[in-house]
Amino acid sequence: MSVKAKKHLGQHFLTDETIAEKIADTLSFKGYKHVLEIGPGMGVLTKYLLKKNSTTHVIEIDTESVAYLKNNYLNLADRVIEQDFLKYDLTTVFKDEPFAIIGNFPYNISTQIVFKTLEMRDQIPEFSGMFQKEVAQRICSKEGSKVYGILSVLTQAFYEADYLFTVPPTVFNPPPKVDSGVLILKRKENFKLPCNEKLFFKVVKQAFQQRRKTLRNSLKTFNLSDNLKANTIFDKRPEQLSVTAFIELTQLIETDETD
Ligand SMILES: C[S@@+](CC[C@H](N)C(=O)[O-])C[C@H]1O[C@@H](n2cnc3c(N)ncnc32)[C@H](O)[C@@H]1O
């Protein structure tokens, strides 16, 4: 008996074992004891993760998949968390210990998965998995690229992001309409930003609200002094700013606000 694919849960089951193994191999399994797989489905990837990390945990929202996993992977049964990843408090399981995240992610919530990971970055040294190709490319893209945006800047502020390989729709059941892409995020050694991190998030999000406008226009809500607005950085549009430049911009705004 296999699990019937449910569209609203983004269920596209991977049928190619070689690709599943290749995805499992993207993690280094170093520097952390725990691995968490999001959305294991019928366990095609889980099987290879268990070979590398015998205490892999999985979090799955679908009751039918949970039953399948518990029946077919007896040694996994007490590490299957039947919960919505976006809502579940992971410290219940991992306390304050580090863990890696991996998955063939449900595409309908994939950006939210990245945002939750960024919130928990103190505990997540490594993150890898499969997204819709465009989303994976967006996360890894650099300044100047058409797809460079909020997700790219916020992720790359804390992680080195590498696009690894593309996966065609033909290796899924049912096949998705688009190509998929696998990426890896490795947390930077020094991932504490030299600026107010909350303000950094606000600045990046606000700057990309109107990506065609100069920062002088899009950051009006920050009530900046004329003196600061004369700085040539404000002539630029958000896609022209590297992550480092966004950090510098936040430092400038921080100083301006506190003057
Ligand atoms: C693209 S499928 C991948 C399934 C399996 N890993 C594979 O590669 O065949 C995504 C999986 O995520 C699960 N899922 C969807 N939303 C979820 C959520 N909010 N929390 C946890 N799992 C979720 C789905 O039920 C499904 O099993």
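Placed from the backbone N, Cα and C atoms, the Cβ positions cover glycine too.
Bear in mind that the values here come from a model prediction, so they are computed numbers and not experimental data.
Taken residue by residue with DSSP, H12 (S-adenosyl-L-methionine binding site) is part of neither helix nor strand, so it is coil. Cβ-based neighbour count (10 Å, all protein chains) for H12 (S-adenosyl-L-methionine binding site) stands at 22. Per TrEMBL, S-adenosyl-L-methionine binding site is recorded for H12, L14, G39, E60, D84, N104.
Among the features that TrEMBL reports, domain 'Ribosomal RNA adenine methylase transferase N-terminal' is placed at 19-189.
If you take the C-beta of L14 (S-adenosyl-L-methionine binding site) and look for same-chain residues 6 or more apart in sequence within under 8 angstroms, you find A20, G41, V44, L45, N104, V171, F172. Least packed by the Cβ count within 10 Å, out of the binding-site residues G39, E60, D84, N104, is D84.
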